[in-house]
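Reviewing the structure listed below.
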Amino acid sequence: MLSNALELLYDVITRPQWAFYRITHTDARGEAVIVFILSTLITSLASVGLMPNALGAAFAVSLIGGILYFALGGALMHFCASLLGGVGTVQGLLQALPFALFPNALTALGVILNFLPAAVNAPLFDALTLVVTCWTIFLLVTALQKNYGISLGRAVCTLLFPFIGFLLLVTFLIVAFFWLFLANMPMWSGALEELGRF
């Protein structure tokens, strides 16, 4: 199973279209779990740095965060893809997500960059992050296309809609918080009532 997971990771790098078709249309649950745990472990090791005592806590936080992302993000992406006419399975999406998000573990190489001078470290880390982010977005779009059989535009919309919805929700909550905060201030309550009349 580990060799299959590594083979699929290699295929995701060299021929992502074929790899994601294979991942989403076959039973690759075990391989997906292995890749998820591997990327979580790499990220945890990088975040711990020189404090090995914190590895357990960092791994637990990364594991819980990853599971929450897959559950919520996967549900939202599946909902959006279904709204946009995609025909695919949640299992296919959840199998593809660890493979598509695995390049994020490569940002753990930024820990190695800490040993370089600061003038070189920051630009290299920024370049690494940009390349990894673009590659991850490409892999996510490819995974959505292969799982749901949708066009490139619909796959991009499927990926963006949950983030746009989240940003709108956060904006609404911030505005509501400040509105309620100002409404309870004696100086502003009369002005807000006047505003409410218009």
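Every residue gets a Cβ built from N, Cα and C, even glycine.
Given the structure is predicted, the values throughout are model-derived calculations rather than measurements.
Look at TrEMBL and you will find 11-171 tagged as domain 'Yip1'.
Among residues of the same chain six or more beyond the transmembrane segment (32-51), those with a C-beta under 8 A of the stretch's C-beta atoms are 1-2, 5, 8-9, 23, 58-59, 62-63, 66, 70, 94-99, 101-102, 104-105, 107-111. Annotation source TrEMBL lists transmembrane segment at 32-51 (among others).
What TrEMBL lists as transmembrane segment is 57-84 (among others). Same-chain residues lying 6 or more positions outside the transmembrane segment (57-84) and placing a CB less than 8 Å from one of its CB atoms are 36-37, 39-41, 43-44, 47-48, 90, 93-94, 97-98, 144, 147-148, 150, 154-155, 157-159, 161-162, 165.
Marked as transmembrane segment by TrEMBL: 96-116 (among others).
Feature annotation from TrEMBL assigns transmembrane segment to 122-144 (among others). Residues 12, 16-17, 20, 23-24, 77, 81, 86, 93, 96-97, 99-101, 103-104, 106-107, 109-110, 113, 116, 150, 152, 155-156, 158-159 of the same chain lie 6+ residues outside the transmembrane segment (122-144) yet bring a C-beta within less than 8 angstroms of a C-beta in it.
According to TrEMBL, the transmembrane segment annotation covers 156-182 (among others).
For the domain 'Yip1' (11-171), the predicted model reports an average pLDDT of 88.
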